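K.L.:
As listed in Swiss-Prot for this protein:
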- His364: active site, proton acceptor (ACT_SITE)
- 14-17, Lys28, Gln79, 84-85, Gly141, Glu155, Asn170, Asn228, Arg334, Lys352, Tyr367, Asn378: UDP-N-acetyl-alpha-D-glucosamine binding site (BINDING)
- Asp108, Asn228: Mg(2+) binding site (BINDING)
- Ala381, Asn387, Tyr388, Ser406, Ala424, Arg441: acetyl-CoA binding site (BINDING)
- 1-230: region 'Pyrophosphorylase' (REGION)
- 231-251: region 'Linker' (REGION)
- 252-458: region 'N-acetyltransferase' (REGION)
Amino acid sequence: MSLPTYSKLNIVILAAGKGTRMNSSKPKVLHALAGKPVLQHVLDTARRLNPSSIIVVYGFGGEIVPQALPADDIIWVKQAEQLGTGHAMQQALPYLEPDARTLILLGDVPLLTQESCTQLLTQQAALCLLTVSKDNPSGYGRIVRQGDAVKAIVEHKDAAEAQLAIREVNTGIMAAENTWLATWLPRLDNRNAQQEYYLTDIVAMAVADGQAVAAVQSNDEWQVAGINSKQDLAALERVYQGRYAARLLAKGVTLADPSRIDVRGELTTGRDVEIDVGCVFEGQVTLADNVRIGPYCVIRDATIGAGTTLAAYTHIDGATLAEDCRIGPYARLRPGTVLSDHAHIGNFVELKNAQVDSGSKINHLSYVGDATVGKQVNIGAGTITCNYDGVNKFRTVIEDNAFIGSDSQLVAPVTIKAGATIAAGSTITEDAPADKLTMSRVRQFTIENWKRPEKVKK
């Protein structure tokens with residue numbers, strides 16, 4: 001009998017486990033991989049399959065998991081007691097649509113791809129398993145076959161000696177018709193060494209009911225690897241980063257050392273981009289053509305224009321840089337900062353919510369916050385925009401072609417008019433007129449007969 005074609009897809013993600021070996025009070029599915037929770041990776045894959053519903057079964061940690069990942073398209077189902085994967089699916093059963101298929105994913109298997117899920121779902125069988133062959137299958141449920149047909153999955157602790165020699169193992173990921181799940185799940189029991197309700201027992205039920213059980217064997221062990229310890233988490237992090245680096249190299253990005261780059265979000269690159277060692281990219285980052293990133297830079301939610309260079313140890317967060325800018329080393333650009341073409345921001349300069357127009361330079365040891373800087377402005381070393389009175393923040397405006405001498409304090413709200421020059425060491429509290437020299441400093445004088453104090457002998 002041919003199997004029906006289902007237009008609806010339910011996805012159930014099992015995410016109730018404690019993860020004892022993580023040695024953490026945090027549910028293991030909330031630990032970060034590449035900058036986002038492990039469970040978020042699984043949710044992202046699930047959403048790409050366009051299911052009619054996503055059901056997440058959670059348990060350990062209580063409401064921490066749904067609170068950490070709020071979303072309108074998720075049905076959260078609590079497994080109050082963690083009594084096994086079969087018990088978890090029993091909790092999800094009332095939310096499954098009768099005329100749909102269900103894809104069962106694991107919340108601690110973050111590298112599974114959409115392609116593998118699709119391959120599983122296209123199998124014409126009431127039940128289909130995703131399996132993998134392991135050199136060391138210890139701890140995994142063994143796939144027991146009769147010829148090519150899957151007859152059962154035997155958990156490691158329940159396996160006979162001959163079954164322990166089997167290398168093909170269950171990944172825990174499967175797809176099934178909901179009409180059959182409604183028949184099999186209520187029949188599960190906990191008569192086994194672990195006294196848990198094994199979801200894998202539905203394989204034997206399917207065979208007993210005369211239903212063929214299909215299996216798709218993955219050739220990528222990492223793609224189906226779960227996280228049970230910090231060692232597992234660290235290993236998968238390096239796999240993820242290594243694969244991301246390989247994709248960047250394939251696009252033509254030059255990486256000084258592919259093993260020393262971390263992407264914790266999405267990195268979009270143009271042509272002839274160069275990235276030195278130790279760089280971290282977080283959130284949504286875009287690097288246009290011919291961008292050069294020096295060693296140990298951290299870039300978060302930023303757009304870097306063509307031809308721009310970031311020297312070593314530069315931090316960019318929530319900023320937009322236009323073309324041919326020169327930044328760093330040791331510069332920090334905070335959220336709201338926008339640089340126009342050919343801006344220069346030098347060492348130990350911090351910008352926050354500052355707009356710097358084309359050709360302007362802030363080359364040394366300065367803080368410019370809540371400021372608008374015009375074209376061709378030069379801001380000397382040690383300049384500070386004093387933007388905060390302890391309660392409110394105020395804005396500084398520096399118009400085109402102004403020159404700010406070193407060690408100046410601009411007390412906002414204040415405007416430095418076009419072409420104005422501020423003498424070094426000035427504290428400016430009022431607007432400075434255009435094309436004039438403004439200064440505010442104590443007159444220098446010398447005490448002729450002064451002597452240094454002498455040390456008192458005790």
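Residue numbers in this text run from 1 along the chain shown.
Glycine is no exception: its Cβ is also placed from the backbone N, Cα and C atoms.
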K.L.:
How big is the Cα-to-Cα gap, in Å, between Ala16 (UDP-N-acetyl-alpha-D-glucosamine binding site) and Asp108 (Mg(2+) binding site)?
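P.N.:
Distance (Cα to Cα, whole Å): 10 Å.
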K.L.:
Let me spell it out: take the region 'Linker' (231-251), skip the flanking residues so only those 6+ beyond its ends count, and list any with a Cβ under 8 Å from a Cβ in it.
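P.N.:
Apart from its flanks, the region 'Linker' (231-251) reaches 22, 31, 33-34, 38, 110-111, 222, 225, 258-259, 261-263, 267, 269, 275.
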K.L.:
Closest to Tyr388 (acetyl-CoA binding site): which of the binding-site residues Leu14, Lys28, Gly84, Asp108, Asn170, going by Cα position?
P.N.:
Lys28
K.L.:
Roughly how wide, in whole Å, is the group Ala381, Asn387, Tyr388, Ser406, Ala424, Arg441 that binds acetyl-CoA, by largest Cα to Cα distance?
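P.N.:
Max span of the acetyl-CoA binding residues, Cα based, is 22 Å.
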K.L.:
As a test of the contact definition, list every same-chain residue at least 6 positions from Ala381 (acetyl-CoA binding site) whose Cβ is closer than 8 Å to its Cβ.
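P.N.:
For Ala381 (acetyl-CoA binding site), the qualifying residues are Asn363, His364, Leu365, Ser366, Ser406, Asp407.
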K.L.:
Does anything in the same chain, at least 6 positions from Arg441 (acetyl-CoA binding site), have a Cβ under 8 Å from its Cβ, and if so what?
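P.N.:
Sequence-distant Cβ neighbours: Ala423, Gly425, Ser426, Thr427.
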K.L.:
May I ask which of the binding-site residues Asp108, Asn228, Asn387, Ala424 is closest to Arg334 (UDP-N-acetyl-alpha-D-glucosamine binding site) if we compare their C-alpha atoms?
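P.N.:
The smallest Cα gap between Arg334 (UDP-N-acetyl-alpha-D-glucosamine binding site) and any of the binding-site residues is with Asn387.
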K.L.:
Provide the number of Cβ atoms within 10 Å of the Cβ of Ser406 (acetyl-CoA binding site), excluding the reference atom itself.
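P.N.:
Other Cβ atoms within 10 Å of Ser406 (acetyl-CoA binding site): 17.
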K.L.:
So for Lys28 (UDP-N-acetyl-alpha-D-glucosamine binding site), how many other CB atoms are inside 10 Å of its CB?
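P.N.:
A 10 Å sphere around the Cβ of Lys28 (UDP-N-acetyl-alpha-D-glucosamine binding site) contains 27 other Cβ atoms.
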K.L.:
Specify the count of other C-beta atoms within 10 Å of the C-beta of Asn387 (acetyl-CoA binding site).
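P.N.:
Its Cβ shell of radius 10 Å holds 23 other Cβ atoms.
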K.L.:
Could you check the binding-site residues Gly84, Gly141 and say which one's CB has the fewest neighbouring CB atoms inside 10 Å?
P.N.:
Gly84
